[in-house]
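As annotated by TrEMBL, transmembrane segment applies to 12-30, 65-87, 99-117, 123-143, 155-176, 188-208, 275-296, 316-333, 340-359, 365-390, 402-422, 434-453. Annotation source TrEMBL lists domain 'Major facilitator superfamily (MFS) profile' at 17-457.
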Amino acid sequence: MAKYLGLRGLRLKTAMVVLVVLPSFMLFGWNNGSTGHATDLESFVKQFPRLDTVNTKGSTKSYNALILGVVTACYDLGAVVGALSCILYGNKLGRLRSVLLGLVLSVVALAIETSAFQLSQFIIGRLLVGASIGIISASIPIWQTECATTRHRGMFVIMEGIFISAGIALPSWIYLGTIPGLNGSAQWRVTMVLPVAFAIFAMPWLFFMPESPRWLAHKGRLDEAREVVAAIMDRPLNDPRVTAEINHIQQQLELTTGSFRSFFKHSPERPLQRAFIALLAQSFTQWNGCSAMIFYTGDVFAQLGFSGTRGELLGAGFTTTFTVAAFVPLFLVDRVGRRVLFMIGASGMCISMAVLAGTGGHSNLAPVALTFMFIYACSYAIGYLGLPFLYASEIAPLRFRVPIAAISVTGQWLGQFVVGQITPPGTANLGSHYWIIYAVFNASFLPIIYFFFPETNGKSLEDIDEIFESSTAFGVVRSARAIGKSGESGIQNMALDKDYVSTEVEHVKA
């Protein structure tokens, strides 16, 4: 078979998304949302009575709620371990083999989880599922970012958000349409085992996909890196544009050589500053209240007076709204930039949470609260569903890209863990006023983004390195504005992209 399935240019990048990224992040989203549905099933709590918080009362209910919280948290803690493990082996294995490891582990983990008859086995499976998703969520955005051209990098990577949200929404509809027709433990086992199909589908295609040209160059495999760049640009190997891109990557590598210990030292690259910005970007995805909304949708709708089938339909519609709204940044991210979308999302969520806090306790205002819940979903999808994965990968220098991606994703998973633990007692004690906490958090994001998050739109990954190398810790935003889209390498990449688009148009006409 021809290399890369005989595909080049736009067709190759489309295949990368459809054959690898889509199923991998559907797997991610599905595992994020499926357990919440399972714990509501009578067949599930019958299998694991220590997780029953519906048919118990008093101290037994409190104890079971504590155990359920721990079991739920195992997924997040496993994801933290999986993401951080990429620091140890990510640069050794490469991007594709890291993804393969995550997918293989997910198949094994889901088999353990869905075949469980004892709570201990279920917990082990949940930990391993989390670890596999942690690896995938830390590895794929880097691979996409390093294989993308500057002009369309945002659109290429931010698609992940659509796939994650679709993976979260799909179990909601399956739960409504299929589960009632199943009997016994099949109700929850079927829901949990279905995402194995995504992993099995994606694994074989990895052997036909291009490795990151920047990782190949980092390992001294320049001929292979040239082949990948030529394939992505759909240019001959000796094309001047391909040579210029390889030379540019090499030059940046020469400027950023050194041991991992230099990560903790003051250097022109500012790796610690960049890691902190990436960590903030990913942490914002949880401290804006999204997990509290998604994981406890049923409780939130019940507070508003919507329960039973009506509440379940609204819950499924709510999660589906994320998927629909996620198409908006797909067309804006490379036009208006990353910072604008971040701030639009935070502003919309801040207002929505404030309204929800003020109206949630009044039954006559339930339609208003419900409306702003869906506005919240749209705001989150626009600014925080796929964008943090893109941004965290963009601002990291090549030799520290894996550690920084791992650290940033860890912020997301730890945030999800903490929010998952504090939301049940928070809503129980504060009611709808609990949401004002997230309104304050979202408001605080705005000055942080404005003053400390440099714009990366229209800049090559090497241009972004120059932003941090040529400014003080507090001047990166100003430096990014000064470079704009007119940096030498940025112009070079934009020219390449224009030629590349022209080539694709000629192919279509042919």
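The backbone N, Cα and C atoms fix where each Cβ goes, and this holds for glycine too.
Remember, TrEMBL labels are computer predictions, not curated facts.
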Q | Cβ contacts under 8 Å made by the transmembrane segment (65-87) with residues that lie 6+ beyond its boundaries | A | 31, 35, 39, 50-51, 53, 98, 102, 105, 119, 122-123, 126-135, 137-139, 402-403, 405-407, 409-410, 413-414, 416-417, 420-421, 424
Q: With the transmembrane segment (188-208) as the reference, find which of 12-30, 316-333, 365-390, 434-453 contributes the most Cβ pairs under 8 Å.
A: 12-30
(Q) Short question: most Cβ pairs under 8 Å with the transmembrane segment (275-296), which of 99-117, 155-176, 340-359, 402-422, 434-453? (A) 402-422
Q | Rounded mean pLDDT for the residues that make up the domain 'Major facilitator superfamily (MFS) profile' (17-457) | A | 89
(Q) With a cut-off of 8 Å between Cβ atoms, can you find at least three pairs linking the transmembrane segment (12-30) to the transmembrane segment (155-176)? Only pairs 6 or more residues apart in sequence count. (A) yes
Q) Of the listed stretches (99-117, 155-176, 365-390), which one yields the highest count of Cβ-Cβ distances below 8 Å with the transmembrane segment (340-359)? A) 365-390
Q. Mind checking which residues reach the transmembrane segment (155-176)? Cβ under 8 Å, same chain, six or more beyond either end.
A. 13, 17, 21-22, 24-34, 37, 140-141, 144-145, 148, 191, 194-195, 198, 294, 312-313, 315-316, 319-320, 322-323, 326-327, 329-331, 333-334, 381, 385-387, 389-390, 393
